[in-house]
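Asks: According to Swiss-Prot, the protein has these features:
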type    : residues                     : note
BINDING : His86, Cys88, Cys102, Cys105 : Zn(2+) binding site
Amino acid sequence: MDKRSLYDGLNSLETDLDSSVTQLREIKAALHELVEKNTTLEIENQRLREHLQELNKLAGNTTETEKQELSKSRMNLEKLYEEGFHVCNILYGSRRENDEECAFCLDVIYGERTR
């Protein structure tokens, strides 16, 4: 390989890398915007839930769903489950394949406990 073709190949590689870095920066910026928006929406959603609960309490409506509200620990388990992880004692912490439902996990989160 002569010096000229080596130099041209190196310039081509540099151009490709610059292009890749530019694309990576654009993707990173888009991801940052999405994470920011997601966080904002989660906070707004939580505030709206709390406001709705306050309105229901003020109205004196004690519905069946309010009586069966999940505890904070079960809500944490539910969040982990929704993120794609097992929360059952059999496969705890491992990823759910293709986000398939797990009867054991659902029982841990929503099942009746009499202890």
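Glycine is treated like the rest: Cβ placed from N, Cα and C.
These figures come from a predicted structure and were not determined experimentally.
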Asks: Once near-sequence residues are set aside, which residues in the chain of His86 (Zn(2+) binding site), 6 or more away, have Cβ atoms under 8 Å from its Cβ?
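Replies: Counting only residues 6 or more apart in sequence, the Cβ neighbours of His86 (Zn(2+) binding site) under 8 Å are Tyr92, Gly93, Ser94, Arg95, Arg96, Cys102, Phe104, Cys105.
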Asks: Note the Cβ centroid of His86, Cys88, Cys102, Cys105, the recorded Zn(2+) site, then list each other residue of that chain whose Cβ lies within 8 Å of it, in sequence.
Replies: Tyr81, Val87, Ile90, Leu91, Tyr92, Arg96, Ala103, Phe104, Leu106, Val108
Asks: In sequence order, what residues of the same chain, 6+ apart, have a Cβ less than 8 Å from the Cβ of Cys88 (Zn(2+) binding site)?
Replies: Cys102, Phe104, Cys105, Asp107, Val108
Asks: Pick out which of the binding-site residues Cys102, Cys105 has the most other Cβ atoms within 10 Å of its own Cβ.
Replies: Cys105
